[in-house]
Amino acid sequence: MGLDICADVLIGDAMRRGISGGEKKRLTTGEMIVGPSKALFMDEISTGLDSSTTFQIVSCLQQLAHISESTILVSLLQPAPETYQLFDDIILMAEGKIVYHGPKSCIMSFFESCGFKCPGRKGDADFLQEVLSKKDQQQYWSRTEEGYNFVTIDQFCDKFKASQSGQNLAGELSKPYDESKGDNNALSFSIYSLSKWDLLKACFARELLLMKRNAFIYIAKTIQLGLLAVITGTVFLRTRMSVDRIHANYYMGSLFYALLLLMVNGFPELAMTIDSLPVFYKQRDDYFYPAWAYAIPSFILKIPVSLVESVAWTTISYYLIGYTPEASRFFCQLLVLFLMHTVTLSMFRCIASYCQTMVAGSVGGTMAFLATLLFGGFIIPRSFLPNWLKWGFWLSPLSYGEIGLTGNEFLAQRWLEIKVSGVALGRRILMDQGVDFSSYFYWISIGALLGFTLMFNVGFAIGLTIKKEMRGHGYIEKKLQLLHNITGAFQPGVLSALMGVTGITVSESVAYSAWLRFPPEVDSKARNETSYLKNPKLSPMQSLPQTKVFEKLTLMLMKRGGELIYAGPVGHHSCEVIKYFQAIPGVARIKENYNPSTWMLEGRNDQQGLFTILGCMYGFILFSGVNNCQSVMPFVSVERSVVYRERFAGMYSPWAYSFAQVVLFMLIAYPMIGYEWTAAKFFWFMYTMLCTLLYFVYLGMLMVSLTPNIQVASILASMFYTLQNLMSGFIVPAPQIPKWWIWLYYISPMSWTLNVFFTTQFGDHNDRMIVVFGETKSVSAFMTDYFGFRRDLLPLGAVALAAFPVLFAVLFGYNISKLNFQRR
């Protein structure tokens, strides 16, 4: 086929020219030859090709027909003489009727019997097409002694039927087909051309070749992960970390960040999988290979990628952060991260197989990311989930990653040596986070992650078998009928040419009307949760009792989720309860004449409750931003070729889109989370959300404008997401960020978003006191001391939030005008 010179060249798309039109035709021809079909019907394969290339292709087809006993029918327009000589049989057509069908060696004698002869230096193919034309027919009239009269197509057809070749053809068609005399090589008796094992090996070789050609992407991802590991390790530097209650939060945050980073690192896999699906659907429908033969190599050959990236992360970050210095725990952490990365890649491949387009895949991927994140047990601890949603914790792969990593670290001896009221510090940390499980749960987590990997890959294979239907979604098919009452016979091992005055062309007009409709389905039925008192001997407190009443009780104190905190007598002047809780690090001493029941509940609930509310805000911002950024990238990527001509097309549409999202969120989530309904807080929330969604949308546009394709854009965006998470001020509060990285905090858009969010919603609570880490302070003071969020920076934060979308939009416009990745 002469394709060896372009074997490593991309076929091409709207951005890249790729191979030439003639090479594309030869590629399609070669692709069909490789398939299992024993009968090939090829229409106008020579269009756009020079005579030499056409000769090479038809010569290849001739050898295929003679060696494999395949049946091949080819329609050609004005083939060159050397190409014409390669055919065995000729079918000559005009006006939708067969003029001749038989051996090539007999066709000239047939026309000579009709009174027409081909001149000596005239090509046979040109003669056959011109002899049927009213304008050119007379010049070939050989019976000069007879007068010439135009021979019509119908007259030629009648003479052919009366000829020996026509009678032989009619005789063959009139006889019933005798299967015993048929050639087994003429038919395909299996769906695929190879055995299952050979198909699997071929798909492995194909996937390995594609990975080699995409080596740049995998190398870039590994380098990116290594850089992030260095940054993360120097943020959570071991010299700044201690084995105590306060720093345990930072260890917990670093473990969660590692899981979050690996999840975000899976978004490029979504883009690469969707990009490869059109070729897969074409080859699957042509029975090149089944879906399972494609799915297995896609999974197995990505295992080394997961291993390399997880090893790169763990070897760099483990010592820098200062986790337990034990070899066994190092490899246990490595195993969890490796499996988590494998699960993430498998999950995004599975989503891609069902969504099938970048637009739908972006929505599906971010929705899965949100569900996994919210139910993962870090942003919202398991004990704070409503009872009817606790099942979500066990369905999130992130939960098992967290159980494995936190148990592996906090059940180490150095965390168990320190006791807090008779409870090991490591156990207390796990209890507060809602992941207090026995050590054998590590292996349960490993088994669960392996199960998720199997489930997602089986789902991926099943998703690949789903037909990509277009009818019913705007697909319209129109057919132009060119053939009327045509019959013929084709023999195996014979190369037949279908010819006519103007060739045979099948014209199909296909109109695509595609749209995304996501109609909101809101359940109008409200669910009421009713609690029943099953044991009449236990009396739950509906309100806080007076001190005298409280001291006469035998107390059973439980936290949200039904976990026991304290059980036993209250004691004289509440001495037993006070003694127990004041021994816990982080609980302030009770004030004089203060109700002990109030003090007790404040000490246990305020801190975690505030962290949960802040975690919900952080999680929503992260999800909304990633969703907007991922959703806009496929649109900009598709329309970029137009944008290169119309430079600033579509730059202002994100404003309306973002504003609609803000309004929708305000109506649903604002009252449900419990924010205060004041005009100032409402305005600040709306303003902050609008600016945040805008800069994420423009960020997605900027990522596409900086990169040659959406795969590289996804890698660049995933690095931005992870750095934003690390430097947002939530996982690592600003006062704990080393001074050599604090500049990243101040240029991080999300840090300003959280600063404005937290200070406008809670920064004015100077009279509301909470107990955090052993101190009683106001909520506003806690925001400043722990997170570093200051209300006096509110005007600067408002300006920064407005500046980021403007900055990203200007950079996008500049890049579009200066950078042109189109190679056509």
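Keep in mind that glycine also has a Cβ here, set from the backbone N, Cα and C atoms.
Annotation comment: TrEMBL describes 78-133 as domain 'ABC transporter family G'. Among the features that TrEMBL reports, domain 'ABC-2 type transporter transmembrane' is placed at 200-410, 602-762. Taken from TrEMBL, the feature domain 'Plant PDR ABC transporter associated' covers 423-470. What TrEMBL records for 215-236, 248-267, 327-348, 360-380, 440-466, 609-626, 655-675, 682-704, 710-733, 740-758, 793-814 is transmembrane segment.
Counting Cβ pairs closer than 8 Å and at least 6 residues apart in sequence, the transmembrane segment (740-758) and the transmembrane segment (609-626) reach three or more and so form a contact. Sequence-distant contacts of the transmembrane segment (793-814) (same chain, six or more residues past either end, CB-CB distance under 8 Å): 647-648, 651, 687-688, 691-692, 694-695, 697-699, 701-702, 705, 749, 752-753, 755-756, 759-760.
Segment contact holds for the transmembrane segment (440-466) and the transmembrane segment (327-348), given three or more CB pairs below 8 angstroms at sequence separation of 6 or more. Here the transmembrane segment (215-236) has Cβ contacts under 8 Å with residues 250-251, 253-254, 257-258, 261, 265, 268, 272, 305, 308-309, 312-313, 316-317, 319-322, 711-712, 715, 718-719, 722-723, 726, 732, 737-738, 740-741 of the same chain, all six or more residues outside its ends. Most Cβ pairs within less than 8 Å of the transmembrane segment (710-733), among stretches 248-267, 360-380, 609-626, 682-704, belong to 248-267. Per-stretch counts of Cβ pairs under 8 Å to the transmembrane segment (360-380) identify 609-626 as the leading one among 248-267, 609-626, 682-704. Within the model, the domain 'Plant PDR ABC transporter associated' (423-470) shows a mean pLDDT value of 87, rounded to a whole number.
Summarised by DSSP class, the composition of the domain 'Plant PDR ABC transporter associated' (423-470) is 34 helix, 2 strand, 12 coil. According to DSSP, the domain 'ABC transporter family G' (78-133) comprises 21 helix, 14 strand, 21 coil.
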